[in-house]
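Colleague: This is the structure I have questions about; it appears just below.
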Amino acid sequence: MDEENMTKSEEQQPLSLQKALQQCELVQNMIDLSISNLEGLRTKCATSNDLTQKEIRTLESKLVKYFSRQLSCKKKVALQERNAELDGFPQLRHWFRIVDVRKEVLEEITPGQLSLEDLLEMTDEQVCETVEKYGANREECARLNASLSCLRNVHMS
């Protein structure tokens, strides 16, 4: 799926629920593979190495684009046509893995209680207040806000 080759008219076309789900699931497969590679680089390679750092940044950039793609697909489906399955994209737990927010923080959040889209609509201060309620520390909050800023920029462009 090559985001750069998508024309502006294709990007703005409404999608059927079925087509949006197919695209979100396809992108989710790419997200799953990329996260697995990213976590492997973070845990099995010397993160101080320049090549490792470059690979990590490349994967993080790809993942931001994948999440943006899911948000775009979802947005193209009329609100009244959306279902719970489509509303499950993009997955907050995957975003937290990319940003390296501790698993314990995510485990405190009840499914459906908070979404990536909710966080995208918040100010930096609101994001910190929200995730700190679930046990996130200042460093995680800063990383989360930086990553949300990148996602907003990619998604709006």
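Going from the start of the chain as shown, residues are counted 1 onward.
Glycine is treated like the rest: Cβ placed from N, Cα and C.
Below, the features straight out of TrEMBL:
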- 24-76: domain 'Kinase suppressor RAS 1 N-terminal helical hairpin' (DOMAIN)
- 90-152: domain 'Kinase suppressor of RAS SAM-like' (DOMAIN)
Colleague: Do you know the mean pLDDT across the domain 'Kinase suppressor of RAS SAM-like' (90-152)?
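Modeller: Per the prediction, mean pLDDT sits at 96 for the domain 'Kinase suppressor of RAS SAM-like' (90-152).
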Colleague: For the domain 'Kinase suppressor of RAS SAM-like' (90-152), what does DSSP give as the number of helix, strand and coil residues?
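Modeller: For the domain 'Kinase suppressor of RAS SAM-like' (90-152), the helix, strand and coil counts are 43 helix, 0 strand, 20 coil.
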